[in-house]
Amino acid sequence: MENFLLEKIINKKLSSDQYSDVVPNGLQIEGEKIIKKIITGVTACQELLDKALSYGANAIIVHHGYFWKNESQCIHNMTRKRLTTILSNNINLYSWHIPLDIHPKLGNNAQIAKKLNIRIKGYILPYLFWGTLEENINAFDFSKKIEKKYEKKPIHIYANAPIYISRIAWCSGRGQNFIKQAYNFGIDAFLTGEISEETMHIAKELGIHFFSIGHHATEKDGIKSLGKWLNNKYDLDVTFIDIHNPA
């Protein structure tokens, strides 16, 4: 498949033109015209680039790419090394950020719901999903379920919160600042990737369960599901590489 055709296909699937983003979505760096082997990952870090080379890939698709707004435009140090690796090896670098967070089937938030058996009911905000569990569940049992599904223990703030959870809101990645909007919507628990210093106090004083799983952990499954879709629909050679990141 040609590189710009792949971009067009994914842009259409993720409805990329509908979203304003803080980073370019699509083919960020043009490489070899014909795509032979694709590596997917969360972030286009140097380790992922090196792994892609070892796999003989000439295309990389990530959730966190390059050229973010308000980022320095100077090409120094690690930025220089990363770009040199990509350009000197004729690699295509693709990135989809917000479109891959909120796609109703492939997106990170949809995948969280799938993993934790949450019925998606709608959106509180464009990036803030809400839904219900199959049945009311003890909050500590739900915490254990998260640990089992994500293979890591979540941070769980529960002071003053109800014992059982029915209505839950969630946002992949850096969503901790949505906790008040989630509370105002009348949910029992809020789940996201990151936690800030003030989040504990807000959750405690509002009497709401707060779960932090990690930015990386909540944003692996979207890029994985996109890769599986490309493999199944277009028979492309796609491999997901998980670069360990506890944050």
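Placed from the backbone N, Cα and C atoms, the Cβ positions cover glycine too.
Feature annotation from Swiss-Prot assigns divalent metal cation 1 binding site to H63, D101, E219; the stated evidence is similarity to another entry. Marked as divalent metal cation 2 binding site by Swiss-Prot: H64, H215, E219.
Features as recorded by Swiss-Prot, highlighted on the structure.
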{"residue": "H63", "record": "divalent metal cation 1 binding site", "DSSP (3 states)": "strand"}
{"residue": "D101", "record": "divalent metal cation 1 binding site", "DSSP (3 states)": "helix"}
{"residue": "H215", "record": "divalent metal cation 2 binding site", "DSSP (3 states)": "helix"}
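Listed in sequence order, the residues V42, H64, H97, L100, G107, N108, S172, G173, T218, G222, I223 complete the 8 Å Cβ shell around the divalent metal cation 1 site centroid, once H63, D101, E219 themselves are left out. Here E219 (divalent metal cation 1 binding site) comes close to V42, H63, H64, D101, N108, S172, G173, G193: these same-chain residues lie at least six apart in sequence, with C-beta atoms under 8 angstroms from its C-beta.
The most densely surrounded of the binding-site residues H63, H64, judged by C-beta neighbours within 10 angstroms, is H63. For H215 (divalent metal cation 2 binding site), the count of additional Cβ atoms within 10 Å of its Cβ stands at 21 [all protein chains shown]. Within 8 Å of the Cβ centroid of the divalent metal cation 2 site, not counting the listed residues H64, H215, E219, the chain contributes V42, T43, H63, S172, G173, R174, G193, H216, T218.
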